[in-house]
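K.L.:
Per TrEMBL, the features are:
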DOMAIN    A:3-322  domain 'Glutamyl/glutaminyl-tRNA synthetase class Ib catalytic'
MOTIF     A:10-20  motif ''HIGH' region'
REGION    A:109-136  region 'Disordered'
MOTIF     A:251-255  motif ''KMSKS' region'
BINDING   A:K254  ATP binding site
DOMAIN    A:336-482  domain 'Aminoacyl-tRNA synthetase class I anticodon-binding'
Amino acid sequence: MAKVRTRYAPSPTGHLHIGNARTALFSYLFARKNGGDFIIRIEDTDTERNVPGGEYSQMAGLKWLGLDWDESIDKGGPYGPYRCMERLDIYKKYVDKLLAEGKAYKSYSTPEELEKERQEQLARGQAPKYSGWDRDLTPEQQAKLEAEGRVPSIRFRVPEGRIISFEDAVRGEVKFESDGIGDFVIMRPDGRPTYNFACVIDDALMEITHVIRGEEHISNTPRQILIYEALGFQPPQFAHIPLILNQEGKKMSKRDESIVQFIDQYKELGYLPESLVNFMALLGWAPEGEEEIFTLEELCQIFSLERISKAPAIFDTGKLKWMNNHYIKKASLERIVDLAIPYFEQAGLITLPLSEEKKNWITRVVALYQEQLDQVSSIVELSEIFFRQEVEYSEEGKQVLAEEHVPAVLGSFLAKLEEVEEFNPDQIKTVFKKVQKETGYKGKQLFMPIRVAVTGEVHGPDLRETLSLIGLETVKQRLQKLVDNKE
RNA sequence: GGCCCGUUGGUGAAGCGGUUAACACACCAGCCUUUCACGCUGGCAUGCAGGGGUUCGAAUCCCCUACGGGUCACCA
């Protein structure tokens, strides 16, 4: 059995999309599960769409997710180069071979003519398919067309009347009739191969054993198989994974606002890579048991092609949030604090570098909210009360403050605060006890007025810690103001 | 339009001829708690898109219909 080799072959047209990331993940998991190699190859033959930095961005995204690879443009490998545009001479060699054997031919239609032909077929209700008018031109005819200034592209001659079938690891046997496939371009006039051609040559030469890719490629597969056959290559095992749909059941489009679609956006929002990995693994794949929380390492152990679903996967954003919260709770406080600091800084709430004291303070604030954070960026909004200069009393808060016993509690609390030496949670606890003894109020009646008086809100994290973090002076000021108003 | 694929609760998703139709999210109720959040316990599909078959027996197999999706590029 040959060593398993899988690849992720992005075109460097932009940032790492969640769908591509999941394809890469599946390919990675399958390779690791089987002790194989994972390769990244850059499909940059559509030179007009390539964006500068696209390659780096793709790889940075994968790296952030925790995926690594064995061969690629950054580290080389025995099957390079790993960028299609650096393999042009290789493609040419195989095109020449097909040409010589009559399995491909020079085609002279211009893009304008093709588009016109296409539109006409569509208008007639026909399936668009290349006419093949220039399939069997004589050298003289070709010379004449070239004299007109036409530069030929190379088309693959699709055999007639064939049934092309292959065994897909996800879908089982898949069949296509060759008659539904028109002769397709494998090399553009300028010598750049098209995807279907480059993909076959590269996968074959790089000895890729398993091609795991999105379902949208399923209809490309018969074309590619034809090329494998024409060149005498052994096709790999194919596995077409289901598409990811948004919550309306529609294919995610780049413009779709309902879902955050790019990996670096998740990073910016404060998602943890392990939650994204876990979540993506469950997009179209299901583990055997009931457990659904897995580390990357665990996934490498249990992943299998057999358990990939045929039905499209729906992107459940609520579930992702829940999962991210799960991992945030599991993470160390220190890690979450480090992630949180930039958000505070961007919001203008703190300035860097942080003093030791301020860092400790921030750490305590973050600790208060760690268990309810579903994305780290939310920390700014959640912890708002610790950064406000003035208290703003909510409607519910005002109602609490209007209660009869409130002045007594507040007055007593304020007075007892004078005796405090260090304003820490323990000391505050003893102050509470004293106030309780003096006023006779306890529980909700005791704590709620104090909470509202200092924070303006009826809800919030642990009161003692909250007071301690807001600081003695501010607490006294706020209480004093209320006590004064009452009098 | 041709060809391919899919359809299980409010949501995601197991299920591969005989199950009380997992599990999770959400939601509701209760507990915990000064409040919120977390956590815990319980509730939540007489039903597997609809209609026909096959079978002693079907979410599971077959056919039709509906709906959704993919694809038919000198884009990957």
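Cβ from N, Cα, C; glycine included.
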K.L.:
Only counting partners 6 or more residues apart, tell me which same-chain residues put their Cβ under 8 Å from the Cβ of the residue listed as 'ATP binding site'.
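P.N.:
Counting only residues 6 or more apart in sequence, the Cβ neighbours of the residue listed as 'ATP binding site' under 8 Å are A:Q261.
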K.L.:
List the helix, strand and coil residue totals of the region 'Disordered' (A:109-136) as derived from DSSP.
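P.N.:
Secondary-structure composition of the region 'Disordered' (A:109-136): 13 helix, 0 strand, 15 coil.
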K.L.:
DSSP helix, strand and coil counts for the motif ''KMSKS' region' (A:251-255)?
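P.N.:
Within the motif ''KMSKS' region' (A:251-255) the tally stands at 0 helix, 1 strand, 4 coil.
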K.L.:
What is the number of residues in the motif ''HIGH' region' (A:10-20) that are helix, strand and coil, as DSSP sees it?
P.N.:
3 helix, 1 strand, 7 coil
K.L.:
Please give the average pLDDT for the domain 'Aminoacyl-tRNA synthetase class I anticodon-binding' (A:336-482) in this predicted model.
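P.N.:
Average per-residue pLDDT within the domain 'Aminoacyl-tRNA synthetase class I anticodon-binding' (A:336-482): 92.
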